[in-house]
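Heads up, the thing below is written out as C-alpha cells.
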C-alpha cells in the first residue's frame, strides 16, 4: 500500500482492545486509511456510522476492526452465547467469502468464531460449522434467512450489524430481506450498526437509517469518480477489429493481473476462447459458473496462477483482489455507474492502474452518459488495423482448458 495513500492516524493510538491492536500490528497495519481514520473513532465509541469511500480504500478492515473490538469489549465471561453476536451481510457470496478471509487473522487472535452462510453451495457444510458455535456470521441475506426460519440460528443476541456494499444490496432488491433480518435483531439502540459502500445514494441512506441509531455519515471524496491513479484510455474499434485489438493490446501491455469485462455471458465465453488459444492463463467468471468453480477461479487469480479473468458485472462489485494492474472494458457497460465499479478493480489502495475501454459500433452510444457521470472525457487512442495480430482458432468451453501452468509468450504471433 502506498504510504501517501494513508492518513496520519495510527491504529496504535486508537482506543482498541489490546487483542485487536496486537493482531493489527502483527499483520503490519500501522497507519489507517482515510475511511478508517474517520470511521473508527465513531464506531469504537459504539456509535452507528455510514461510510462512503472509493473502492479499495479499506472499508472492510474498518468494519472488521470495529466489530471485533465491540464484541471483545461487550462480552460477559460468565455467559455462553449460543447464537451469533455479529451479523455481516454482503450482496454476493464472493464478497462474503472475501470478508471471511480478511477476518481470519482477527478471529485467530481473539478466539472469536466466524462462519459463512451463502447460497448456491455447501448448505450442510455451512450448517455444521454454524451449529458448532459462531460469534460472527458473514453471509448473504437469502441463506441467513433460511437458517433463521429453520431455527438454526437466532438473532436476538446480535450486538453488531454490518451492511457491506449497501447500495448494491438495495439495487439487487434485497431491501425486504434486509429489513426482515434487522427486525429479528435487537433494536437499533441496543446494537452497533455500520454501513459501508462505494456509493450511497440519498434514497439508500434514507431507507437504511430507519434501522440505525442516529448514524453519523462520513465520506471520503475522491478527486474524481474513477480515481486519480487510474490511467484511462479509449479506442474506437470496428466490430471486426475488436477481438484482434484486445489480443494486440494484451501483447503490448503485458498486464500482470487483468480483468476483462463484457456485457454478456456469450461474449465472455468468446473472449475466453481467443485468449486461451493465444496462450494466456485465463479464467472465466460468469453467473453460470458453478459456485465451487467460481471460488477456485478467484483463488487462482488472487494467487497469481491465472493472469486474466474474463467476467460479467457479477464480478464488478465487491471483489477485493489486490494488485490488479489492468481493466479492459471490452464492452462499454449499459449502466454508467458500472463503468466506475469495473475500473475500480484497479488503482486500489494507493496503487496505480490502467483502464482500457472499447467504444465499438454496438456500445458507443453508452459513452456520453459515462463521461457525463465521471465528469471528464476519456482520452482517445488510435490503432492501425494492419498492425493487429492475426486471430487464432478460438478454444470452446467443451474443449479442455489449457493447463494452468501454460506459459504466456510473446512469440505466438508475428506483429
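Placed from the backbone N, Cα and C atoms, the Cβ positions cover glycine too.
Over in Swiss-Prot, the protein carries these features:
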BINDING   53, 54, 55, 56, 57, 58, 59, 60  ATP binding site
DOMAIN    241-389  domain 'Helicase C-terminal'
MOTIF     9-37  motif 'Q motif'
MOTIF     164-167  motif 'DEAD box'
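Where Swiss-Prot records a feature, it is marked here on the structure.
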residue	record	Cβ neighbours (10 Å)
53	ATP binding site	25
56	ATP binding site	26
57	ATP binding site	25
58	ATP binding site	26
59	ATP binding site	27
60	ATP binding site	22
Cβ contacts under 8 Å made by the motif 'DEAD box' (164-167) with residues that lie 6+ beyond its boundaries: 50, 59-60, 63, 88-92, 95, 99, 195-201, 204, 208, 317-318
Chain residues outside the motif 'Q motif' (9-37) and at least six past its termini with a C-beta under 8 angstroms from it: 1, 3, 44, 51, 53, 57-59, 61-62, 65, 68-69, 72-73, 105-106, 108-110, 196, 218, 220, 349
Secondary structure content of the domain 'Helicase C-terminal' (241-389), with strand meaning DSSP E or B: 63 helix, 23 strand, 63 coil
Overall pLDDT for the motif 'DEAD box' (164-167), taken as the rounded mean: 84
Counts by DSSP class (helix H/G/I, strand E/B, coil) across the motif 'Q motif' (9-37): 17 helix, 2 strand, 10 coil
Summary of DSSP states over the motif 'DEAD box' (164-167), given as helix, strand and coil counts: 2 helix, 1 strand, 1 coil
